[in-house]
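Notes for the one structure printed next.
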Amino acid sequence: MKQMNKNFFVKTHGLGNEYIVLDGKNITFELTQKAITRICNVNFGIGSDGILLLVDSNRADIGLQIFNPDGSEAEKSGNGLRIFCKYVFDYGIITKNEFTVETKGGIVKATIEETVNNKAKIITVDMGQAIFKSDLIPTKFETPEVDNVTIEANGKSFDVNCVSVGNPHCVVLKEDLSIDEIKKFGPFLENHEMFPNRINVQFAKVINRNEVEVLIWERGAGFTLASGSSSCAVASVMKKKGLVDENITIKMQGGTLKIKVDPDFNIRMTGEVREICSGILSEELIEDTNL
Ligand SMILES: N[C@@H](CCC[C@H](N)C(=O)O)C(=O)O
């Protein structure tokens, strides 16, 4: 394992969905909501779609806490998990190709599929089973599942389909996708009164039985170029509706992810991750997180 300096960070992206990784044992400050928003801010900090914090686990090989740029904690993140797995593998914290990671949204199994110069490139994560029960997602709907239920957001009606893949998602099927539309209505769907923990939002267009195009509005982050858990959510909803087969390519603004949904709705996600940079958080930035 490489010896890392205090406040060492790595910034990595999965299809343009970028995360800063920190080791909880290696930082000299408290990762408060203020600290998270400051570090993730592109003007005052490094700029990121979130922070991944390495923590101990006594149930898995390693533990992960996931934070959105608004400082809220997410139960799971698909790109976040692949990015975190690359970090622990590349920096010698985990030395095997298959290992388990504990998140707030469950324990997942990760496999390093492909390496380049001994660094992880393609990673598969078994994301667990999709949950369609309204109350477990959670939503406030009284129907057992939220399948094509019409709700109003900012004066417009949307037919929503909800699912949890460890974190909550709301999928809207569309004939045409518009970035302006998801940016305009995403915040209202995210914060809709029927979603007590807020929700991640996807507008999705089925291209054929193996391809779906998706735009994403993330809880606590806003519009992002890609999302792993959103891809899993969309694939599960489309599979349940009988619109796609078992193997689905999800096309997003930042690139594509391969998702497999088995007959019991167990989800497997495979995709690339790339490190952007690494360094030491400046004392001046850390001082700023306490202001
Ligand atoms: N970008 C992520 C999702 C991150 C968490 C999400 N914003 C939430 O609050 O649930 C992904 O790739 O899955």
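Backbone N, Cα and C atoms are what each Cβ position is placed from, and that goes for glycine too.
Please treat TrEMBL annotations as automatic predictions, because they have not gone through curation.
What TrEMBL annotates here:
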BINDING   N17, N68, G78, N79, N167, N200, E218, R219, G228, S229  substrate binding site
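Distribution of TrEMBL features across the structure.
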| residue | record | DSSP class |
| --- | --- | --- |
| N17 | substrate binding site | strand |
| G78 | substrate binding site | helix |
| N167 | substrate binding site | coil |
| E218 | substrate binding site | strand |
| G228 | substrate binding site | helix |
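Summary of the substrate site environment: with the site residues N17, N68, G78, N79, N167, N200, E218, R219, G228, S229 set aside, the chain residues having Cβ atoms within 8 Å of the Cβ mean position are A74, K76, S77, G80, I216, A221, T224, S227, S230. Counting other CB atoms no more than 10 Å from each candidate's CB, the binding-site residues N17, N167 peak at N17. Within the same chain, the residues at least 6 positions away from E218 (substrate binding site) whose Cβ sits under 8 Å from its Cβ are D49, N68, N200, V201, T224, S227, S230, listed in sequence order.
The Cβ of G78 (substrate binding site) has 28 other Cβ atoms within 10 Å, all protein chains considered. The binding residues for substrate are recorded as N17, N68, G78, N79, N167, N200, E218, R219, G228, S229; their greatest pairwise CA distance is 17 Å.
Summarising the environment of G228 (substrate binding site), the number of other Cβ atoms within 10 Å of its Cβ, over all protein chains shown, is 29.
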